[in-house]
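Accompanying notes for the structure given below.
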Amino acid sequence: MKQIFFCALFLLSSSILHAQVGIGTTTPKAFFNVADGKDVLFGQDVSGAGKKLIWYADKAAFRAGYVNGTQWNIAQVGPYSFAAGYNATASGNGGIAMGSGTSASGLSSTALGINVSTNNRYGSFIIGDLNSEIYSNTNDNQMMMRFSNGYKFFTNLGSQTYATGLEVLPGGNAWQTTSDSTRKENFRPANGADFLKKIANMRLGSWNYKGQDAKTYRHYGPMAQDFFAAFGHDELGTIGEDKSINQADFDGVNLIAIQALIRKIEKLEAENGSLREETASLRSDIEIIKRHLANDSKLTFKP
């Protein structure tokens, strides 16, 4: 009898564990199914402060975390938006806010991290580090990031120890490329004089990209095809490609050319110094001859 009881209890438990629960529907399609158009709340109230998880069905919007006020009241929730964390708000349509004190107020905008706001700018994206100061987007369709200890981008497949890429150091205002000598190999010297000849034959001038206002967006510089044809190969392999110019390679070519010019100038200065000495010697000889001629009364010159 006990065996029959435990068997029945096991079957009942299995049935319950595998049952689907429906809210607002008698035909649930998943383990937990809330009918379309029904809000879902885990917490004390959809309004006001507190820890909560909310699904606003009519707005297809989701909230999870904690707010200290009315940030997640339905009037401040953007349609198709998502917010999670501590006082993260997404009032813009399709907005995403995650972190602490983040605000995605612009249409289709995203705010991640701490104390950042999209500032009602549509299509904008902002990320912030742990900082008490509030940063905000200043234009539509703008990406802004604040990381007080800099940025690092790696482009290699290997370990971080031998990583290559670029970075902005803390307080920096320009990208720096990996140039550590301990990460380099296969060194080859360059023919600076040859570089100067190639630069002399390049098309250089001003231009603008197609589709941009020629009065506003002008640039100086070479064509990538010319640069690649001139400097795209050394004795071991390929350097760059023919549609863009790597700034580090561009700087390298310039430094090699500058070094060649320095050597050329030094050679010319040495030659010029020798010529000056020779000229001074000739002038001295001429002065001696003049004095001898002036003192020799027997010398006469026929017309």
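Note: Cβ is positioned from N, Cα and C throughout, glycine not excepted.
Note that the coordinates shown come from a computational prediction; the quantities given were computed from them, not determined experimentally.
Look at TrEMBL and you will find 1-19 tagged as signal peptide.
Feature annotation from TrEMBL assigns domain 'Peptidase S74' to 179-272. For the domain 'Peptidase S74' (179-272), the model's average pLDDT works out to 96.
Annotation comment: TrEMBL describes 258-285 as coiled coil. Within the chain carrying the coiled coil (258-285), a Cβ under 8 angstroms from the stretch's Cβ atoms is held by residues 192-193, 195-196, all 6 or more beyond its ends.
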